[in-house]
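Since the structure comes first, as structure tokens, the remarks are kept for the end.
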Amino acid sequence: MKIVVCVKYVPDPASQPRFTAGHTVDRENVPGRLSELDEYAVEQALRVVDAAPDTHVTHLTVGPPQAAEALRRALAMGGHAAVHVSDDALAGSDASATALVLAAALRRLTPDLVLCAMASTDGGTALVPAMLAEHLELPQLTFATEVSVDAGTVRVRREAVQATEELAAELPALVSVTDRIGDPRYPSFKGIMAAKKKSLQTWTLADLGVPADQVGAGAARTVVDEITARPPRAAGTAVQDDGEGAWHLAEFLATKKFI
Amino acid sequence: MAGIFVLVGHIEGQVGKPSLELLTLARRLGTPIAVCSGSAPEALGQYGAERVHVIESEDIGAHPIGWVQALAELAADTPPDAVLTEATPHGREIAARLAVRLGGGVLTDAVDVQPGPDGPVVTQWAFAAGFTVTARVARGVPIIAVKPNAVVPTPAPVEPAVTRARLVPDEASLRTRVVSRSVRESTGRPGLTEADIVVSGGRGLAGPENFALIENLADALGGAVGASRAAVDAGWYPHTHQVGQTGVAVSPQLYLAVGISGAIQHRAGMQTSKTIVAINKDGEAPIFDLADYGVVGDLFQVVPRLLDEIARRRA
Ligand SMILES: Cc1cc2nc3c(=O)[nH]c(=O)nc-3n(C[C@H](O)[C@H](O)[C@H](O)COP(=O)(O)OP(=O)(O)OC[C@H]3O[C@@H](n4cnc5c(N)ncnc54)[C@H](O)[C@@H]3O)c2cc1C
């Protein structure tokens, strides 16, 4: 079986985000990393390998040159190979263009199972998995909290707003996983060393047959006109509880008409 | 005026507040055209839906892709000027797939939508709600997933024209099978994303039995119950109540954080609340940096006394 895990290189959530002149997220000039939520998807792929060692796992990303770091990190966790779609024309791509390019790469990689995180930790729109499923005409099983693959069928459990659901589909299929699905493993020293020797290919748009005018800032379907930092919330009053804390809080809630 | 498709959710005729908010926003942009399943609830006309498309299909409610097909078929008939959905996982999936199918552009997590010279202008909060973003769709149909509480729903009664269409799911729609579905029992409390008041508990609660304190406080204030991931991971409270980056994002009038430190991932889901109150025994906890009012103290002392004080004031 072939699994492809789609991963993203994102600004480190601990650092202050920066934006390009075109109001897109600056991923090149700030410290970045493999999106934490993607580690859960990588972990699930590796668990399939643990159970069925003939499974082949490829990590796939679309991103600037630095995004190779995210692939190295995923490879250090495990898996066999990585593909980095990188092209100057991609700068400023929105979710639609990113999904278009990932879909083109997935068509070439022909996986049985596509694994994604529930969302990225930067944009956080959760759009790309569903867009990929639509492009590739794959059944989508999203927001999984449990996943199992057996005899050509994938099953997931998910906690939707109103119900707990079990979904199933025949492979090929696309699954997105949440951070409830099981803690990702930490790369071992051996894993980090081994990752350096694993295949990491770089593909361009021309390799994928995607016309450059369908991606990048010029083709973006969505445009950001303005980004402004919200004024930080000012810390208000804090009282030390000396037995009267609850009374003071009740006073505050009453003046605000909550009681 | 052009049509604005509004995907409406209702349970046996009870239209959810978020759907009424969508209809209210749609009126700013054009003529609201509600799309729903089963029946055409009266509330849709009361909130300005000039047209209601009722999709008849046994199990369309559960799975997004049936809705994608239904909306795409309607759009093929009369292309809308915009499509509005709720920014729930369900609504986002529909928005994402529909955008690919219609060649539209999609914006999620709208906290405001206004008409503009080049189509709807959408306001979003990004990066743990640290930034305000104004965006629009430059190519294709604007498809906008809107967060709850983006607007106060206001009635504008009309007599809607109701049309019914039967959906014959295409092969792609049937490939994801719903094997089982157990609907969660209602707690009787307001829904987390819609509530005006949210009371959340964290690791400081020290055990599942103590969540009764949070529930009692929520009930005393007429609010919903939330939880931090630490409390959810420990199995103290169901995941559907998790507030934060990988839970739900809430924006109530009052958010009360009890025994929660205020990690960035938690803040991502609550820092746009109008008023924030924290109860935490550690005066250095980051939650105090954003709290309008804080009590530095032991929650097991403060919360029971607060409950007494609320009861005393009400008596
Ligand atoms: C990818 C990712 C996604 C995440 N998503 C989320 C998310 O959606 N939501 C979320 O909440 N977290 C999320 N987290 C986890 C987050 O980083 C924190 O670990 C979590 O929010 C901590 O929960 P807490 O505040 O309850 O626990 P802690 O950080 O342990 O804080 C407990 C607090 O309780 C106080 N306390 C203890 N005893 C008492 C007492 N008797 N009286 C008063 N106060 C007391 C302590 O002083 C402390 O401040 C995510 C993390 C990652 C990596």
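Numbering starts at 1 and runs along the chain as displayed.
For all residues, glycine too, the Cβ spot is worked out from N, Cα and C.
Annotated features, as they stand in TrEMBL:
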type	residues	note
BINDING	B:R203, B:228-229, B:242-246, B:259-266, B:N280	FAD binding site
DOMAIN	B:4-178	domain 'Electron transfer flavoprotein alpha/beta-subunit N-terminal'
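Positions of the features from TrEMBL, shown on the structure.
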residue: B:R203; record: FAD binding site; CB count, 10 Å: 16
residue: B:Q242; record: FAD binding site; CB count, 10 Å: 26
residue: B:Q245; record: FAD binding site; CB count, 10 Å: 22
residue: B:I260; record: FAD binding site; CB count, 10 Å: 32
residue: B:A263; record: FAD binding site; CB count, 10 Å: 17
residue: B:H266; record: FAD binding site; CB count, 10 Å: 27
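B:Q242 (FAD binding site) carries a strand DSSP state (E or B). A helical conformation is recorded for B:H266 (FAD binding site) in the three-state DSSP classification. In the three-state DSSP classification, B:R203 (FAD binding site) falls within a helix.
In this set, none of the binding-site residues among B:R203, B:Q242, B:I260, B:A263, B:H266 has a C-beta falling under 8 Å from a C-beta of chain A. The average pLDDT for the domain 'Electron transfer flavoprotein alpha/beta-subunit N-terminal' (B:4-178) in the predicted structure is 93.
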